[in-house]
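*Asks:* From TrEMBL, for reference:
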- 6, 7, 8, 9, 10, 11, 12, 13, 129: ATP binding site (BINDING)
- 104, 105, 106, 107, 181: substrate binding site (BINDING)
- 106: active site, proton acceptor (ACT_SITE)
- 126: K(+) binding site (BINDING)
Ligand SMILES: Nc1ncnc2c1ncn2[C@@H]1O[C@H](COP(=O)(O)OP(=O)(O)O)[C@@H](O)[C@H]1O
Ligand SMILES: CC(C)(COP(=O)(O)O)[C@@H](O)C(=O)NCCC(=O)O
Ligand SMILES: [K+]
């Protein structure tokens, strides 16, 4: 079975593909950055809670947007499995073409999964450490990317920069205009970012002169996707499916 590993700025997501539909997935924190020995100790025993044995893994693909962790994760998995992981990035051949010299591996994987799984023009919105919008046309050409602060990242900054604003749960308040600090912040964070997401979808659709199919992924997609009809699919495993398609 293929093990795919997506190293993001907040979480490292693991997924074992029993087949295309049956996927076992879990995450660990990215921070603090770990040494190869710590990764080795942590990863060695991570399979049994998910009903897997390390011998079940026969292939490994890794995508990373955190360069200081890539080698530690790859080398520790090689020590555990005696398999050399394939580390993919924006230069790995796929059904997607792009001109960017910077595109993060997760954005590229998001584009690849969209092209493989959906028709027409697509927008992938990744609600991760950053909030990203990636456009892909019907032929797999990337139409461009937009990068904004991730919603929890923005909230952390707001709480950190103020004396009286507390940490809050990101959930929909009853009213847009609130009467206490927590619901006032929930409104700004939830309705404010829904407005941003809907506005970005409208602007992108206008720019590419089409109604794109919109896919949401990333840690906070489960909060935001249900709040707007402009998002058509929510799939926490979208990025890691892209890594599977990039594995050759
Ligand atoms: N229940 C949750 N599960 C996962 N992420 C969450 C959850 N609630 C909030 N988040 C936030 O989502 C972001 C992580 O999303 P993820 O897609 O794993 O990011 P990355 O790929 O950048 O590591 C973080 O900002 C995290 O705080
Ligand atoms: C935009 C990102 C920070 C998103 O990272 P994430 O939120 O998934 O951790 C990452 O894709 C990245 O570092 N990209 C490199 C710059 C670029 O894509 O243009
Ligand atoms: K992500």
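Cβ coordinates are placed from backbone N, Cα and C, and glycine is handled just like the others.
Context for these features, please: burial, neighbours, distances.
*Replies:* Counting every protein chain shown, the Cβ of residue 12 (ATP binding site) has 22 other Cβ atoms within 10 Å.
Of all Cβ atoms in the protein chains displayed, 25 besides its own lie within 10 Å of the Cβ of residue 107 (substrate binding site).
A helical conformation is recorded for residue 106 (substrate binding site) in the three-state DSSP classification. In sequence order, 6, 8, 63, 65, 126, 128, 239 are the residues near residue 106 (substrate binding site), counting only same-chain partners six or more apart with C-beta under 8 A.
In the shown protein chains, 28 other C-beta atoms lie within 10 A of the C-beta of residue 126 (K(+) binding site).
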*Asks:* Checking proximity to ligand 1 here: which binding-site residues out of 12, 104, 105, 107, 181 have their Cβ closer than 6 Å to it?
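*Replies:* None, by Cβ distance under 6 Å.
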*Asks:* Got a sec? Which of 8, 10, 12, 104, 106, 126, the binding-site residues, have CB under 6 Å of any ligand 3 atom?
*Replies:* 8, 106, 126
*Asks:* Distance between residue 12 (ATP binding site) and residue 105 (substrate binding site) at the Cα atoms, whole Å?
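*Replies:* Roughly 13 Å, rounded to the nearest whole number.
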*Asks:* Among the binding-site residues 6, 105, 129, 181, which residue has the fewest other Cβ atoms within 10 Å of its own Cβ?
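*Replies:* Each of the binding-site residues 6, 105, 129, 181 was scored; lowest Cβ tally within 10 Å is 181.
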*Asks:* Which residues in the same chain, at least 6 apart in sequence, have a Cβ under 8 Å from the Cβ of residue 104 (substrate binding site)?
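*Replies:* Result: 65, 90.
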